[in-house]
């Protein structure tokens, strides 16, 4: 059954435009409260990133949940994976995150976690959607939900992150720069690394509600690259606005993406005989990652793009490690979802164990040239299905003679068509990608 409101990563859009409006959030809170309360006593955690609209939507959700008879525990600004963790540890029925992840401040969204800290099953999302289309009724006064605030949420999550590494871990002597994207990690991330002994320079940790992801964080790496070089740091770590993506910069200023991080983590677990099964990537994962893992004897499979698909594949195979080149990295041995701080800690641990720099660690993964271009798509006929586009993709695939890949897909979170071409000749790859992007642009017009 097709969902009306929920996309691949919850509900997301422009603030003030349906469905990202206060009245919809009120109804969504009520519908979610009714759905979860139908399963028994109901307590729901609500957290958010640092967008100014988060206050407005937090109040609306709080009112709707209470009207349905659900008790609410407010966490304030917290990373998305922290809300998943706290939902489990407080034995709540669900967790709600108010965030649009790596998008600018004028977007916002909602995503849910189950009581186990995992993505909601489709059947519960469909139940919520069905209730959204029903008349809103308020429970009698004696059954209204109560609202409280958890004041030590940050401290609890900081201790959890530190517990993901051995108690003897000490990063003394390691000089790092951390870019918090003026987002949800602005308090907890610097504390985690400092308390583990690292010398930390902090960037973009002064959120004002409007500057989240604004030329900073994992989608704008230039500031971090410059700071790593200026500070003569060993490496830099960049988070996105809600703390579920991480990218790094080595001491030379080179960007280390999700494929690199996934390889470093998987290789470390494999060498210590602690890798359960293989590794899950996505259709966008670089071919070089697949080949490098194969050289180590590590199985690799591709899921659809989106962390929920990576997680679903991991669960189906009972594997532990997966991720996307955008920086979503899942380590099931520690978490139930992608957690940027946890992933960064596992990389730092690997570097310490092998006594190598981040630049040295990434050299073992030889990537194929890959070009990704985005084409604005406002809706209407799917350009990927257009005969001319299909024919062009087939022509490019033939031209690369089995030495590359072509992938066109619609973004699940933004109005974009993503054009990816990968092969062993960078000039050829870029030319093919630009030609395909131009054709898709013409078709969209």
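Using the three backbone atoms N, Cα and C, a Cβ is placed for every residue, glycine included.
Annotation for residue 101 (active site, phosphoserine intermediate): spatial neighbours 9, 49, 80, 109, 240, 241, 242, 244, 245, 413, criterion Cβ-Cβ under 8 Å with sequence separation of six or more. Residues annotated as active site, phosphoserine intermediate in Swiss-Prot: 101.
Residues or ranges marked as phosphoserine by Swiss-Prot on the basis of sequence analysis: 101.
In the three-state DSSP classification, residue 242 (Mg(2+) binding site) falls within coil. What Swiss-Prot lists as Mg(2+) binding site is 101, 240, 242, 244.
According to its DSSP assignment, residue 101 (active site, phosphoserine intermediate) is coil.
Other than the site residues 101, 240, 242, 244, same-chain residues with C-beta atoms no more than 8 angstroms from the centre of those residues' C-beta atoms, the Mg(2+) site, are 49, 79, 80, 99, 102, 183, 184, 239, 241, 243, 245, 340.
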